[in-house]
Amino acid sequence: MDLAILVGIDFVNGVATLALMSIGLAVVFGMMRIINLAHGEFMVMGSYSAAVAYHHNVNIWVAILIVPPIAVAVIGAIIERVIIRRLYGRMVETMLATWGLSLFIVGILTTIFGSHTEGVPAPLSGIKVGNYQTSGYSLFVILMSVVTIVGVYVVLRATRLGLLARGTMQNAEMAAALGVDTSRIYATTFAFGAGLAGLAGGILAPISGVFPSIGGSYIGRAFITVIGGGPAPLVGTVTASAMFGFVNQLATFLSNPVYGEVALLVAAVILIRLLPNGITGRYFRRAL
Amino acid sequence: MHPFVRSNASLIAVGVIGIALLVGLPLALELFTLLRVTLFVIFAILALSLAFIWGYGGILCFGHSAFFGLGAYAYAVSVINVGDSTLPIVIAMALPALLAAALGYFMFYARISDVYVGVITLTVTLIFYNVVNSTAGPQYRIGDVHLGGFNGIPNVPSLNVPFDPNAVLGPQDMFWVCMVALMLVYFGLRMLLRMRFGRVLIAVRENESRVEFLGYDARLHKLIAFSIGGAIAGLAGCLFTAWGGFISPTAFSVVQSAQIIIWLMVGGVGTLIGPMIGAALISWLTASLGSQQTVDANVVLGTVLLAFVLLVPKGIAPIVTDQLMPWFLSMCRSKPSVASVSRKDKT
């Protein structure tokens, strides 16, 4: 029974991590039809800002939850202004440009911090489940993932900004005619997505370790989850990460983490073959 | 000028330059530099394979290193087992071509296009990278070869004279082989693009549904083009392994795929000559960056890719074809004759 609870926590944790990684990318893709291949590096910048803040004696909770989203959102806003803005409506060019951007950021991070691993300690100790011990931090990751998704839902659904953003994404010309500053909405949405990436990077920093090239291992999974999820950012992310996370954990449980990753990738290829527009391209079409 | 020469002027120019390099470089360069140039030539072959399927087939392949790596590993495994490099070269081209055909059937016959093809190919590369990386244990072996996981396979024999394993090619022979292979691939693709198949393929790139209304099978054309691209990438992988005597899973890495795409963006998508130049330029750049400490190579590569996407989206090929090539041709003529000018006015 205790073992079953542990395995259950593992499964939910896998799903939650995947959702946390993908939500920022999904918001930008779903709202703006842009694939940001530098998303993994945005997360790494979040992790680094958490590490730097922590080493400057900032409270650990502030360092992983407050500093990263703000820092990365600011960087995202600048990047939107300088690069992304010129490429709206050209998906392939955007992917190539952000791929260049991701190489650039990896290089800059290596130059500044060196290629060794920075550490951020997990602020929660282990929790006993019967005779076993599990990490309290993984429960925290699950909680934060749920909070983030609910938060994104509230922002998009209940705030004026979310309303303007959804309106602009549906029909930019009409929104502009009604007096919405659409270019500012795009910039804000992109910065919002970047901030979510930063938050994910901050939260995952104690688990994954912080080094410049780790973004590469995030972006593959996040990218696949978003494409598998399809156009609706929230429902798509939740359903796709539930599915891929489950497959990943199941294969990991049965063999080892490498084949877990492989199973995830194979599941993604099959899913895209069956539903080329993602899960929400076929089901839950009117969802958010 | 003879009409045949006039209508094929650029092809002949490329041929002349190619032969000049083939003969001239070994005489002009030291052996060490020639070795490096050989690598650029191998990368140019790899660039051509993606230039063909992306630039002419319109198939956006983000994971082209899957074919490169598969060719490289197929060569390494089979040449160590067989000893003679003749058959392994064939295997190194056939396996990636088969993979491409299977993937192509999977994708194109399901009418998956554009970005989603990119995602699937990228995913396939990641799968290969993960699987090959995890084969470190002694139980992972094919014949006499330990796959070696992230350590790769060392001591892979170089190419030899066909059916004579003892006559191993030296560095200079290797350069000639690679250069000849590059020219064969280039002219082969040029020929293919002039044939009916190539014309239909370009039409598919321009407008897939219109081509289908005209009765052509767009899916089949994309499938064949993808397989040809896979085979060429496999050849590049095979030559790469034979050149260095070593192969590791980094051949499958996403960074490798990104490199190929950068070569194309720099050279110019939609041309064949540009990507070859792009491959040589960027490889030379990364090689020289690797030998200094001040700037990180990724910063430069990223900046180059960004700059070309934003500022020079057509790459450097138009500069070559519109300015350098006419200049080269006019150098070949003794002086511009009045006849040729007036003929130009009429057409």
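A Cβ is built for glycine as well, from the same backbone N, Cα and C atoms used for every other residue.
TrEMBL labels come from automatic prediction, so no person has curated them.
Given the structure is predicted, the values throughout are model-derived calculations rather than measurements.
According to TrEMBL, the features are:
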- B:9-28: transmembrane segment (TRANSMEM)
- B:34-54: transmembrane segment (TRANSMEM)
- B:66-83: transmembrane segment (TRANSMEM)
- B:89-108: transmembrane segment (TRANSMEM)
- B:115-132: transmembrane segment (TRANSMEM)
- B:174-193: transmembrane segment (TRANSMEM)
- B:223-248: transmembrane segment (TRANSMEM)
- B:260-287: transmembrane segment (TRANSMEM)
- B:299-320: transmembrane segment (TRANSMEM)
In contact by Cβ distance (the transmembrane segment (B:115-132), the transmembrane segment (B:66-83); 3 or more pairs under 8 Å):
yes
Would you mind listing the long-range same-chain contacts of the transmembrane segment (B:89-108), meaning Cβ under 8 Å and 6+ residues beyond its ends?
66-68, 70-72, 74-75, 78, 116-117, 120-121, 124, 159, 218-219, 222-223, 226-235, 237-238
Quick one: find which recorded stretch in B:9-28, B:223-248, B:260-287, B:299-320 has the most Cβ pairs under 8 Å with the transmembrane segment (B:34-54).
B:260-287
Name the range, of those listed as B:9-28, B:174-193, B:299-320, that has the largest tally of Cβ pairs under 8 Å with the transmembrane segment (B:260-287).
B:299-320
Below 8 angstroms Cβ to Cβ, which residues of this chain, lying six or more residues outside the transmembrane segment (B:299-320), approach it?
258-259, 261-262, 264-271, 273-274, 277-278, 282, 285-286, 289
What parts of the chain pack near the transmembrane segment (B:223-248), using Cβ distances under 8 Å and only residues at least 6 beyond its ends?
35, 38-39, 42-43, 45-46, 48-50, 52-53, 56-57, 59, 61, 64, 67-76, 79, 85, 88-89, 92-101, 103-105, 108-109, 148, 150-159, 174, 177-178, 181, 185, 192, 197, 201
Which residues, given as numbers and ranges, are at least 6 beyond the ends of the transmembrane segment (B:9-28) yet have a Cβ under 8 Å from it?
34, 37, 172, 175-176, 179-180, 182-183, 186-187, 190, 273, 321, 325, 328-329, 332
